[in-house]
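All remarks here apply to the structure that follows.
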Amino acid sequence: MLIIAGLGNPGGKYAGNRHNIGFMAVDAIHRRHGFSPWSKKFRAEIAEGEVGGEKVLLMKPQTFMNLSGESVGEAMRFYKLQPADLVAIYDELDLPQGKARLKTGGGHNGHNGIKSLDAHCGREYRRLRLGIGHPGIKDMVQNHVLGDFAKADKAWLEPLLDTLADNADMLVRNEDSQLMNKIALALGGKAEEEKPAKEMKDAGKKPASQSHIHQARNHNQPKLPATGPMADMLKKMFGKKGD
């Protein structure tokens, strides 16, 4: 069994927050792959199903972000699972909007949900980070993270979540680089192996002190579907606020 845990905060007040993109991701997988209805166990909303022929448990901890590890750790102990049997999906300030990175282990980078998972689940689990961008000023981080996605964010958020859900079998089969390429291409970028060597070399020279500052970039926005489950969900989310 594989646990795919999306991190976020429970309740309608937080549903549209950037910090809740992990919840949005597992919701997308849930809809796309015919999981059981959501139920409550392990202080979480859980759903069982299969992806790519493998048994998967989706989790949305209801403990609030800072205690996510207590919920996920309880489920792992119940099913006698190891860190390798866990994938955590969460928001990442230090990635531009619409970018994704997937790796095993690593640090928490100040993310309280990941701090909690590290404490209760071990550190060698897979981490799927979904970029929400950085506001550029440290004092603005909290409002940015706990603020709702803007309507304009639909241009990258919908294809990101759609592509992740469509290719969740790659996530289950540990085909990490293939999944990252699918997401990059869906967002109008290039597959990882297609990056010029000079670009990779230059990227490695970027000072660590600048990691929180991202310059605005112009990308060709992908054409979005007007209908479908993801479109309906995002219309409801963005429709809560005026233009």
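We number each residue from 1, going along the chain as drawn.
Backbone N, Cα and C atoms are what each Cβ position is placed from, and that goes for glycine too.
Residues or ranges marked as active site, proton acceptor by Swiss-Prot: His19. Among the features that Swiss-Prot reports, tRNA binding site is placed at Tyr14, Phe64, Asn66, Asn112, with the record citing sequence analysis. The compositional bias 'Basic and acidic residues' annotation in Swiss-Prot covers 190-205. Look at Swiss-Prot and you will find 208-221 tagged as compositional bias 'Polar residues'. Per Swiss-Prot, region 'Disordered' is recorded for 190-243. What Swiss-Prot lists as site 'Discriminates between blocked and unblocked aminoacyl-tRNA' is Asn9, and the listing cites sequence analysis. As annotated by Swiss-Prot, site 'Stabilizes the basic form of H active site to accept a proton' applies to Asp91, with the evidence given as sequence analysis.
Cα separation, Phe64 (tRNA binding site) to Asn9 (site 'Discriminates between blocked and unblocked aminoacyl-tRNA'), rounded: 5 Å. Nearest neighbour of His19 (active site, proton acceptor) by Cα distance, taken over the recorded positions Asn9, Asn66, Asn112: Asn9. Calculated from their C-alpha atoms, the gap between Asn66 (tRNA binding site) and Asp91 (site 'Stabilizes the basic form of H active site to accept a proton') amounts to 14 Å.
For the pair formed by Asn9 (site 'Discriminates between blocked and unblocked aminoacyl-tRNA') and Asp91 (site 'Stabilizes the basic form of H active site to accept a proton'), distance between Cα atoms is given as 12 Å, rounded to the nearest Å. For Asp91 (site 'Stabilizes the basic form of H active site to accept a proton'), applying a Cβ distance below 8 Å and a minimum sequence separation of six or more within one chain yields Leu7, Arg18, His19, Asn20, Ile21, Gly22, His111, Arg129, Leu130, Gly131, Ile132, Val145.
Taking Cβ-Cβ distances under 8 Å and a sequence separation of 6 or more, the neighbours of Asn112 (tRNA binding site) in its chain are Met65, Asn66.
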